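Asker: Below are the structure tokens for one structure; questions will follow.
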Amino acid sequence: MTTDTQSLPAWLDKVRWDDNGLVPVIAQEAATNDVLMFAWMNREALAKTIETQRAVYYSRSRKRLWFKGEESGHVQHVHEVRLDCDEDVVLLKVEQVSGIACHTGRHSCFFQKFEGTVENGDWVAVEPVLKDPEHIYK
């Protein structure tokens, strides 16, 4: 399958892409149901994800495809791809290689938990750093 945007499959048209041609994506660990991260995909990224069974996102800052783990080795093997009821959010059920999904070296990007009250609360890191980011991105 080619991923030239002119020849992408018709099933991609069911997804409700935003004005920038992107759709939000949630990566969830298949074995534990832990929410690992949030990212974006364009049509090419979603097609590549289906084709390779590895998570491929679209980096808005780099304006290019981002093959999860291309620098860190922390790839996501895709077990299942789902589309929500409004057809505007994609869920990937993945196996997270090495257990690290976040660029901070943690298991999940959602490692900060709100504790306290509206008047006196704060975000607290509740997941440990599994690997120093300095050693992940050399």
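Glycine is treated like the rest: Cβ placed from N, Cα and C.
Given the structure is predicted, the values throughout are model-derived calculations rather than measurements.
Per Swiss-Prot, the features are:
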- Asp84, Asp86, Asp88: Mg(2+) binding site (BINDING)
- Cys85, Cys102, Cys109: Zn(2+) binding site (BINDING)
Asker: Fill in the CA-CA distance, Asp88 (Mg(2+) binding site) to Cys102 (Zn(2+) binding site), as an integer in Å.
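Answerer: Distance between the two Cα atoms comes out at 24 Å.
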Asker: Please compare the binding-site residues Asp84, Asp86, Asp88 by how many other CB atoms fall within 10 Å of each one's CB, and tell me which has the fewest.
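Answerer: Sparsest of the binding-site residues Asp84, Asp86, Asp88 by Cβ contacts within 10 Å: Asp86.
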Asker: Report, as a single number, how many Cβ atoms besides its own are within 10 Å of the Cβ of Cys102 (Zn(2+) binding site).
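Answerer: Around Cys102 (Zn(2+) binding site), other Cβ atoms within 10 Å: 20.
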Asker: Among the binding-site residues listed here, Cys85, Cys109, which has the most company in the form of other Cβ atoms within 10 Å of its Cβ?
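Answerer: Max Cβ neighbours within 10 Å, all protein chains included: Cys109.
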Asker: For Asp86 (Mg(2+) binding site) and Cys102 (Zn(2+) binding site), what Cα-Cα distance in Å is obtained after rounding to a whole number?
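Answerer: So the Cα of Cys102 (Zn(2+) binding site) lies 27 Å away from that of Asp86 (Mg(2+) binding site).
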Asker: Sorry to bug you, but what's the C-alpha spacing from Cys109 (Zn(2+) binding site) to Asp84 (Mg(2+) binding site), rounded to the closest Å?
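Answerer: On Cα coordinates alone, these residues lie 21 Å apart.
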Asker: In the same chain, which residues outside the set Asp84, Asp86, Asp88 have their CB within 8 A of the centroid of the CB atoms that define the Mg(2+) site?
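Answerer: Not counting the recorded site residues, we get Arg16, Leu83, Cys85, Glu87, Val89.
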